[in-house]
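Here the structure comes first, spelled out in structure tokens, and everything after it is commentary.
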């Protein structure tokens with residue numbers, strides 16, 4: 001293997017392992033966030049049974065569905081997240097070579113900053129093309145509030161993918177893809193762009209204390225998550241459309257979804273579950289720091 005191929009493989013492995021560990025740890029927070037986001041678009045959750053907030057959700061889930069249901073959809077998330085994060089990190093470095101080749105970060109700060117934004121956004125959008133059906137399945141499995149057996153909408157990852165494909169074809173598995181690309185570019189641009197720029201401004205980036213790296217990463221993930229959160233809410237709502245027919249269809253398209261959420265639920269509805277997303281972002285920050293630490297040993 002060439003040095004470039006070895007470097008790419010190391011990036012892929014380091015990013016994937018770091019992501020799998022952190023996502024499993026924050027899976028319960030992830031499910032709470034998803035339920036708060038999509039409950040208005042769920043056929044299983046009637047108006048009188050909707051969750052009032054994070055605490056209500058955390059208390060009711062184990063009572064109604066069992067403690068293990070906090071990890072519902074986690075297998076799909078880990079399977080999805082391994083290639084997603086690994087591809088993000090691997091492509092990020094490749095795109096950095098394209099956008100930042102020959103750029104001096106000390107004398108060309110804004111060009112350096114813009115290059116980091118572009119490489120981060122392009123990496124996120126590229127990887128999304130490959131793993132979107134898994135992200136879709138993870139959302140639908142996490143939104144499934146049935147206790148067991150016949151009450152469940154899907155029996156598992158494979159059952160979810162097969163049922164939606166039979167019902168809506170490949171288009172059903174990519175429902176909400178367009179708004180996802182918009183959101184992912186905004187999120188990844190901040191996630192990678194600001195983080196790399198901040199790290200690059202430190203006197204000795206490779207020997208920065210892990211706590212400083214974590215603080216930078218934590219701030220970046222919180223800002224990036226809140227900035228792109230409305231896009232995430234809309235894409236999750238659109239994902240809930242797949243498999244529906246006739247009058248069960250709530251939104252005719254992405255723009256209609258934006259309009260109806262704003263009109264019927266108010267602007268704050270775009271940010272439902274956002275606080276749990278900030279907590280979940282601690283896992284994202286941990287991924288960035290862990291990735292840098294793993295790379296030191298590869």
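Think of each number as a place in line: the chain as shown, counted from 1.
Even glycines carry a Cβ here, placed using N, Cα and C.
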Membrane_side_equal(residue 105, residue 237) from Swiss-Prot: no
Swiss-Prot annotation (transmembrane segment) - matching range among 43-63, 148-168, 211-231: 211-231
Top Cα neighbour of residue 166 (N6-acetyllysine) in the set of modified residues 7, 43, 92, 147: 43
Cβ atoms near residue 92 (N6-malonyllysine) (within 10 Å, other residues, all chains): 25
In the chain carrying residue 7 (phosphoserine), residues 6 or more apart in sequence that have Cβ under 8 angstroms from it: 93
